[in-house]
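TrEMBL has this to say about the protein:
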- 12-30: transmembrane segment (TRANSMEM)
- 79-97: transmembrane segment (TRANSMEM)
- 118-142: transmembrane segment (TRANSMEM)
- 162-183: transmembrane segment (TRANSMEM)
Amino acid sequence: MALVYQPVMQLSGILVSLLGWVLSCLTTYLPQWKNLNLELNELEIWTMGLWQACVFQEEGGMQCKDFDSFLALPPELRISRILMFFSNGSGFLGLLLSGFGLDCLKIGERQQEQKKRLLLFGGMLFWISGITAIVPVSWVAHSTVQEFWDENIPDIVPRWDFGEALFVGWLAGFCLILGGSLLNCTICSTEVHPSSVHYAVAEQQDQCQRLETETRP
């Protein structure tokens with residue numbers, strides 16, 4: 001049963017991790033990390049991402065402006081840029097390593113130990129990628145909640161709210177951690193190779209033949 005389910009788990013882990021990596025890249029460039037609805041003009045919605053701020057108007061469509069300086073950004077957005085880049089890079093490296101370690105790949109078929117190491121390193125990189133994707137979106141969400149309930153800000157001042165990119169980032173981190181866990185589970189599971197089975201059967205047959213010869217008069 002291990003031989004049947006192990007390639008399925010490996011392929012499932014790769015596909016789930018690939019989905020998480022794509023969502024992580026999408027989160028990095030989406031401008032909807034924060035949303036702002038103006039009560040004076042409900043037809044105008046402001047959004048803020050890691051790279052630009054946008055305004056959506058029903059008549060004029062969406063207009064975006066890139067941030068002028070990296071140092072002028074709030075601390076959570078500066079650190080989020082770095083962490084999301086690190087998440088995307090480690091996820092891509094994890095896809096490469098774990099891809100070469102799949103059992104269904106004929107390359108390096110006789111080097112099972114090295115393929116297991118590649119799967120292990122790939123799964124660990126997916127864990128790192130997932131954690132570094134969850135941390136920045138959670139940090140931005142935490143700062144948004146603090147600003148929203150800050151009593152020092154007058155009530156007439158509009159408050160920022162959660163953007164869609166935060167939920168995409170949480171889903172990306174969950175998929176990356178789940179994919180890495182599936183890959184590492186295939187390494188921990190015991191695998192029985194067909195060659196070892198044939199060897200055990202042949203050895204048992206030899207022992208039976210020896211017993212028959214010894215018991216003969």
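Even glycines carry a Cβ here, placed using N, Cα and C.
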| Spatial neighbours of the transmembrane segment (12-30) far in sequence, C-beta under 8 Å, 6+ residues away | 49-51, 84-85, 87-88, 91-92, 94-95, 98-99, 102, 123, 126, 129-130, 133, 137, 163-165, 168-169, 171-183, 186
| note | Contact set of the transmembrane segment (162-183) with the rest of its chain, CB cutoff 8 A exclusive, min separation 6+ beyond the ends, reads 9-10, 12-24, 26-27, 30-35, 47-49, 87, 91, 94, 98, 119-120, 122-127, 129-131, 133-134, 136-138, 140-141, 144
